[in-house]
Amino acid sequence: MKIAEINYLQLASIIFIQILGTSLLIIPGTVVEVAGVDGWISQIVGTIMALIVGMMVFYLYNNFPQDNLIIIFEKLFGKIIGNIFGFGFVIYCILSLSTVIKQGCSITGYIFLPETSPLIFFIVFFLIVVYITKVGMNALARTNVLVMLLLITTFLVIIITGVPLLNVPLKPLLSEGLFPVLKGSLSPISWMGQVILITMIFPYLTSGNKKNIKTTILMTLIVVGIDHTLITMFTLGILGLEAKDLLIPVYSVAKLIEIDLIWRRLDVMIMFSWVAGVTLKMSFWYFCTVLALKQLLHLNKYEPIIIPLAFLTFVIAYYSTNNTVELTFYLGKIYPILSLFSYEFTIPLIMCLTLFIRRKRISKDSKEFTP
Amino acid sequence: MIIFSMFILICIIMTVIEIRPLKKNDKKKYLVVNGSILIISFIIFLIHEIHNFSITNLMISIFKPFADTIFS
Amino acid sequence: MKSLGVIAIILVLLLSSCTNSEEVDKLSLISAVGLEKMPDNEYKIIIQYLMPKKDQEPLPITKEVDGLSIYEANNNLNEFLPRKPYWSHNFVILLSEELAKEGIRSQLDFFRRNPEMRQDTLVAITESPRKILYNLQKQQLSGQTLKLIARQASARKGLGEVSTLHKVYQNLFFKKPFLTITHIFLDGENPRIDGFSIFDKDKYITTIKGDEARGLGFLKLKNKYSSVTMNCLDKENRQITFNLTNIHKKTNAYVNDLGIFEIRLSLEFEAFLAESHCMRNISDTDTIKKLEKALNKKIKELAKKTIEHSQQNVEIDYFGFGNLLYLNHPKKWKEIEGEYETVYKNADIKLKINTKIVQTGAVN
Amino acid sequence: MEKLSTSLEENYKFFQQRLNHCEDVEFRILNPYKKKDNEIIFLYCENMIDELMVFETLFEKIIQNYPKKNEKIDKSILKDVFPTTSIFFLDDVQEIITYLFYGFCIILFPNSNKAGLVCYSQKDFRQVGEPQSEVVIRGPREGFVEVIRTNIALIRSKLPNANLKVRLKKIGTESKTFTAVIYMENKVPLDTLQKVLTRIDKIDIESTHESGSIERRLEEHPFSLFPQIVHTERPDKLVSDVMEGRIAIIVDGSPHALILPSTLKMFLQASEDYYERYWLGAALRVVRVFAFLIALLLPSFYIGVTTFHLEMLPTELALAIATQKEGTPFSAFFEALLMEVFFELLREAGIRLPMPVGSAVSIVGGLVIGDAAIQAGIASPAMVIVVALTGIASFAIPRYSFAIPLRILRFGLMIITSFLGLFGLMIAIIAIFIHITSLSSFGVPYLELSYSSFKEMFYFVRPSHMKNNKKYTEGEFK
């Protein structure tokens, strides 16, 4: 089978949607809760830290442009430890994906159809995710570009129409010291650290030269960081610390926007594009999970395991948290620790160090990537 | 509950349909893999039904002390 | 086979989904709501809703219900209403003074939690929401009309910002809330807006009307029009009116070494001559200088009046000076946070007003 | 018998038998001296041939040059008759019969196992006229006809260039239909050409009379709702696409030429865009993209907004819709379904009927859809506006074949929206876009958003394109 090709724009859109797909609505809430008015500084700190993760990802790509994460594990740590890391990665993927699904379902449920059984959302998302994964990476990458445009438009609409509503000064600066800001930056780092997922699609980046891929990764991270910072600034500037009080602050901001001529109430349109983003984010995560499991089990094709694995993921997601309070707590406080101490920061760091130390003794005879 | 069980049923049928045209050697492998994945998901479902306990709860109970010290 | 499976799943999905679709003609659009206090902790809510009829102008219908909480009263509505109440097109929430005295934060909670509710709904205090709503019944879009009145009044009369649900809550989350809410009077048949209610945190204190209220606009508004009328320079019993615009405001608040709270306010306006009952010829630059001086004095007088009222009569800082201090000097704020009321009472507020007359209208 | 025998009698009998009941075939025996072994037999299909020419040129000249009584007749006689090499000899029976029906005159000689073939083909067919399905205000008025030779001539006259290659193939085991593959040698990507040629060779079909049946067999995703090959009736459109490096296929008997590889944007382009001012062309394309979206989404969006998200509408509009809706018995979904079905019925009836009756249908239809449905309380006026707008939008799409998937998908979207609201609509839209982006036409992605494709869609007009066609050959393949 021919390997799908991903060009720069598609790579950028994958990173963009993969992070901003869910965070666009949620991130100001989790950050403001910890860092208060200085939430936007947390976002800047988070972006800078995420750039380090981006550099690590590129360092891995530079050395293994033809392999993906599972093969890199094997090459770096040997067969046994590599496989353990690989299975850990699958579990990490399933856990993260289940939180994404839970967020997607609970927020769309709350906003679109509050009286409908939540199971319906799970089934709908299940169907679309299975379908997208079956169709494959090529279509996913192309649709990503489309939805990226949609999300950027949404973002710009919020920002531009939000300007007249800004009336709360972002002061006092650092009144509680630097510590809450750093604590608040954990959540953005964990979100933007998800860029580690593109290690799974290295072999697809066939058409690029390395320098361009580096700029693509880092520039996209910076753009996402700017988006995060701006959206947090606007949420704080429009709502003030009221943002702490709300379930989805950005949605509340969108509710205040009035474009008198065309649309008086824009919030549903914003949710409309958010659903698109979250669907594609789920699909990309799921694609990576399936690919990883397929490689670990040495299967020929990944198509036959799509449905059972999706079922497992959705069952875990369905039974993950009981209410929104628990979900917010998990997303804001538990997940950053969990992810940063595993595959988003610590393990990439170990990998890069190992690679740096034993650069010349990496086994060359290992297997090749097959889609 | 009815929806859920029908959903499981359809999932199993779709999986079988997916595996059927494969070669014999592959078929066995995929049956084992898919079967174990489905069994794991069923166990998770059962544990939640009986003890009301999920993986997220587990994570929360493990990491809560960390979180409390960091975000206090 | 494969497509059969997909069709089966979709069928299961569609047949089982208990959706919440509501046809348009099965809803009653609520356009205004009033809350009143009843004995025994019960709420009375007065709801004004629109029920469209074919070939007929939709006029609002007013109904009253009681309930232990507002949500319950909302549900009790359907004891006599054939349609589901729909809150998204609500424009006004009226609270009675009595209710507001208990703290509006808890009373407005229902409207905050309800995802249907718009956050830009007007919140207003009035003596009796019931009377106002019954009087409004003849208007086609009653809630919207009331909100438009509030908006125009705040812009033209200088009564501070329109107090929407979002603004109220935004204010309550400040370090030192300085809430003022639009007050609606009933003048004979018609509702009138000529003043505002002031709050201590979220508890209603009193209402300020007329001249005393005018000063708030100068201190709070940004870039909105309002007008000032003063006596002529030469003739005492004749008036001259200016329209003010393009406000540039500079404020600074700090606590000096003696522990006195000092506030420096400098306001710059551009003034348009709107109407003059004297002095047919104002082409002289000296006259304009004189007029500017007199205008400064008049504005200062008006602002001072309101400030004095807030310092002496009610002893509540509803201008947000306390919050200003927190924003600029958070450490100083912590020192005086406990006894802010007394500190504010003795605060030294310095006003510096600078007006420029830019235009004299179509007549030279 | 596969090859001709040397005996004239045997050959004659064979043809008599093989062409039994083919009463349009004429047998003529020329034997002026009434002597055995000295006769010539002519075969031709009288309706396919210019009989006058046969008599005037062939028969008369042969009689003039007929050898003396004692000399044997030989095929060299034809050389004296025709100075040019417009005659050729064949011995394969099957081929000879095929040529016979193409309009050739077959000449059989004694003692020879080869038959001479001379072309006198003449058919009376439709004249070159204005294309019916692609009307332009500005642009050439000629359109393809059913005869492949005329069509190739139309193309050749626009591009008298040796780089324009015309490769003839025969498709159909029974019909042996002529099919021409036309491309510019210096512009076409070779792998695409190879793919097209092999796929044409693989076509297994008994007969074909319209390029549509070949189109199905050339597409990579024949079960997709979306057409993946553009067809056109206009030579100018075909030539400009061929100049971009695309490949055209013309089938004998069909006025619709196929152009491939095709992408989604080609279905939204009209050839007129390139002849009018640039700004108009660019603006019209934006309009067509909107038309595409409206034709696909408007009814379901209306259902979603009025039954799930009334808060999106301004209060006045919500009230107006509610007032109109009051008194109609059906739900918004059913109302929309009913009106859409009405509309599709009318459209179908209008297309099939002859012109004078067709206009009557449209008058009745206008009454039914417009006024009467509202008067009878079946539909609300707002719904009628929505349905009418949807219909008009679907007519604004320049290619009829591309409006078909929209018509079908619209109903599916309406059903999903009626159950799951705008959420379901968004999910369905994503599914549709995933499907569209997964399609490819001969290795070229059907829809790919990139800077260059965007520029091509809205920005660049064709003249600059013609000079530098790298966008297609390089830009799209990546």
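Each Cβ is built from the backbone N, Cα and C atoms, and glycine gets one as well.
Quantities reported herein were computed from a predicted structural model and do not represent experimental measurements.
As written in TrEMBL, here are the features:
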TRANSMEM  A:7-28  transmembrane segment
TRANSMEM  A:40-61  transmembrane segment
TRANSMEM  A:81-101  transmembrane segment
TRANSMEM  A:107-133  transmembrane segment
TRANSMEM  A:145-166  transmembrane segment
TRANSMEM  A:186-205  transmembrane segment
TRANSMEM  A:217-241  transmembrane segment
TRANSMEM  A:271-293  transmembrane segment
TRANSMEM  A:305-322  transmembrane segment
TRANSMEM  A:334-357  transmembrane segment
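With a threshold of 8 Å between CB atoms, the same-chain residues lying at least 6 positions outside the transmembrane segment (A:305-322) that come near it are 94-95, 97-99, 101-102, 105, 118-119, 122, 125-126, 129-130, 133-134, 286, 289-290, 293-294, 299, 330.
The listed stretches are A:81-101, A:145-166, A:186-205, A:217-241; of these, A:81-101 has the most Cβ pairs under 8 Å to the transmembrane segment (A:271-293). Annotation: stretch A:186-205 has the most Cβ pairs under 8 Å to the transmembrane segment (A:334-357), among A:40-61, A:81-101, A:107-133, A:186-205, A:217-241. Within the same chain, residues 11-12, 15-16, 19-20, 23-24, 27-28, 31-32, 36-37, 39-40, 42-44, 46-48, 50-51, 54-55, 57-58, 155, 158-159, 162, 165-170, 188, 191-192, 195, 198, 249-250, 252-253, 256 sit at least 6 positions outside the transmembrane segment (A:217-241) and bring their C-beta atoms closer than 8 Å to a C-beta of that stretch. When the stretches A:7-28, A:40-61, A:107-133 are ranked by Cβ pairs under 8 Å to the transmembrane segment (A:186-205), first place goes to A:40-61. Touching of the transmembrane segment (A:145-166) and the transmembrane segment (A:7-28) is concluded from the presence of at least three CB pairs under 8 A, sequence neighbours closer than 6 excluded. Under 8 Å from some Cβ of the transmembrane segment (A:107-133) lie the Cβ atoms of residues 25-26, 101, 139-140, 143, 247-248, 251, 267-268, 271, 274-275, 278-280, 282-283, 286-287, 290, 306-307, 310-311, 314, 317-318, 324, all in the same chain and six or more residues away from its ends. Same-chain neighbours of the transmembrane segment (A:40-61): 27, 31, 34, 72, 170, 174, 181-182, 184-189, 191-193, 195-196, 198-199, 202, 205, 210, 213-214, 217-218, 221-222, 224-226, 228-229, 232-233, 236, 344-345, 348-349, 351-352, 355, counting only residues six or more beyond its ends whose CB sits under 8 Å from a CB of the stretch.
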